[in-house]
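To start, I am sharing the structure in question, which I have written as structure tokens.
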Amino acid sequence: MTQPSVILATASYDHTIRFWEAKSGRCYRTIQYPDSQVNRLEITPNKHYLAAAGNPHIRLFDVNSNTPQPVMSYDQHTSNVMAVGFQCDGNWMYSGSEDGTVKIWDLRAPVCQMEYESRAAVNTVVLHPNQTELISGDQNGNIRVWDLTANSCSCELVPEVDTAVRSLTVMWDGSLVVAANNHGTCYVWRLMRGTQTMTNFEPLHKLQAHDGYILKCLLSPEFCEPHRYLATASSDHTVKIWNVDGFKLEKTLIGHQRWVWDCVFSVDGAYLITASSDTTARLWSMSTGEDIKVYQGHHKATTCCALHDGAEPAAC
């Protein structure tokens, strides 16, 4: 198979992963995933592989072949894997699970290289752009920074006691971090670097974004500059787009009929892909706020989406 320049994939409670032609909306490949639901999808920086986080494993699929079997399986979590992502060179992968751990994996081996104990079900993990810190959010409301150099937890904070942190996102330049919770609230911190290498959180803003749950929050990418946006996907069926300058509401994306579980920006921030319980994924124009493509083919809730429409990375 020749590699498409845009990789778009979705996963659903119907136990399939689908690959789509972004412009036409045509599904060109379906992978059966009978073992569990898929909680999260992520594409490697070089566009070669797709990671699917399930229960309790992570499976790695070849993007550029029709082989239905995974090329690797990572099986050391003991419960739902809720977060997965890659270091910028694609040398290693990180994951977070409801088993209370954050793990680091060498992509070439199915054995966990490092493990951090969060002591509560982990819902979300993001990698700081410095590539040396992971930030996790858990069901008990804890946010923890894991220093990969010192192999320790360097920072802990609890924005709202006993309120699950559902999603975390970090600005591409490391200047901001946003945590979204089950009460529809986003907490925004400025990330400051002290004399130590440790990242310090300086409270910046508290945003009551939705009345329902926020299931995903996401800051816009580097090539969206000078515009900076925060997208919040919610159980209220909408996605809201906020201007990071003052956190004013720019647009509300209306079209999904049920919960919106996931969203991902195009590399230039001009488009947003969303995944919903209404079985569809949608492509939205950020300039108009309209949906310009609906991806239909799943038979049950579409719970996650992944998009890679950028260049392969130079050395980071």
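Cβ coordinates come from backbone N, Cα and C, glycine included.
Here's the feature list from TrEMBL:
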REPEAT    1-30  repeat 'WD'
REPEAT    74-108  repeat 'WD'
REPEAT    115-156  repeat 'WD'
REPEAT    207-252  repeat 'WD'
REPEAT    253-294  repeat 'WD'
Please report, as numbers and ranges, the same-chain residues at least 6 past the borders of the repeat 'WD' (74-108) whose CB is under 8 Å from any CB of it.
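Apart from its flanks, the repeat 'WD' (74-108) reaches 39-42, 44-46, 48-49, 51, 53-60, 114-127, 131, 134, 136, 138-139, 146, 148, 313, 315-316.
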As a quick check of your reading of DSSP, tell me how many residues in the repeat 'WD' (207-252) are helical, how many are strand and how many are coil.
3 helix, 24 strand, 19 coil
